[in-house]
Amino acid sequence: MVEITEVIEPEWQTRNDIQNLVNQKTLQWVFVGGKGGVGKTTISSSIATALAETRESVLLLSTDPAHSLSDAFGQKFTHEPRLVNGFTNLYAMELNTSQIIDGLDGLRETHSFLKNVPDILMMLPGIDEALSFVELMQSVQSRRFSVTIFDTAPTGHTLKFLKLPDVLEKILDSLLKLENTMGGLLQLFSSMTKAQMSQNELFDKIKLLGDMINTTHEQMKNPDLTTFICVCIPEFLSVYETERLIQDLAKSEIDCSYIIVNQVLKHIQLGGLIEDAWDGLTEEQQRIMTPFFEKVREHHSTHNSRVDVQRKYLSDIKDLYQEDFNIVAVHQNKQEVRGKDALVAFAKKLMQHSPLPI
């Protein structure tokens, strides 16, 4: 009698596509980041078009000061969500965090979240940036999009951006610990501002603000709600920054399970085609065509040398991440990816099985 053993598939398996990402209906925040020039905007825009196929409403938001969303879609975007041409449920906006910081005072007069920020807190160094992040997340969430994709700034700015809730949470925790010992002093400082308040009222506001920030922070650390996609190219600096980014995301407890390796080159195999073509020419033709054939050989050699360099870093990426990450390889496009049709086509590539070519 043959014994039948039940085969149990593991709950989570790595893939070489973004199928699971697109099908994960619980996701609310998708951050796309990496070194400058690796194609983050193309990737984030393409993912947004794919999510628009499965989600009720999608917001694509650029926080990179050097905005490129308008170029990617061939449509002007501003700091307010605007419907992307050709879609009924995909919106895009370009926003600098500095714009939020500059407008904090005005927003505090009208926004329920910022009304709870005591004047004394605005004196703390770095508080404006931290509040701008929480204000951004609260504002986006209030618009009730099913999912928001962030096209982020280069790595260094992104890491600072993502650490802001943690920074603000620690500041408020420190203030709350001073409630008994320095409450009177804080109240004295508070009395010097526009809005005077009692010690209890001051700390009640700090606690309420802390609860709001804690909620945002917990959402950021919940892999069912938030994930980060690293985009890189197979070059030293990009791979180095990707490792740095992954390490920092791990320290911040932010889920990162996708790495998209962009601009991967293919080997050009000419074999004996050049020699056969050369041998088929007369001496006169060879004399005329010599410069052309030399250029072909030079470009062929240069291209394949670049491919060999890329293969080294592709191998490093595979060794470092293949067991724990969904790694998607995207070959170098012949043309710029611009406009709805090109972005949708690019998204289809990301949805297909695309392992590293090594």
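Heads up, the Cβ atoms here are built off N, Cα and C, so glycines get one too.
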Residue among ASN85, ASN89, ASN214, ASN262 sharing the ATP site, where Swiss-Prot lists LYS35, GLY36, GLY37, VAL38, GLY39, LYS40, THR41, THR42, GLU235 as binders: ASN262
DSSP three-state assignment (helix, strand or coil) for GLY39 (ATP binding site): coil
Cα-Cα distance linking ASP64 (active site) and GLU235 (ATP binding site), given in Å to the nearest integer: 22
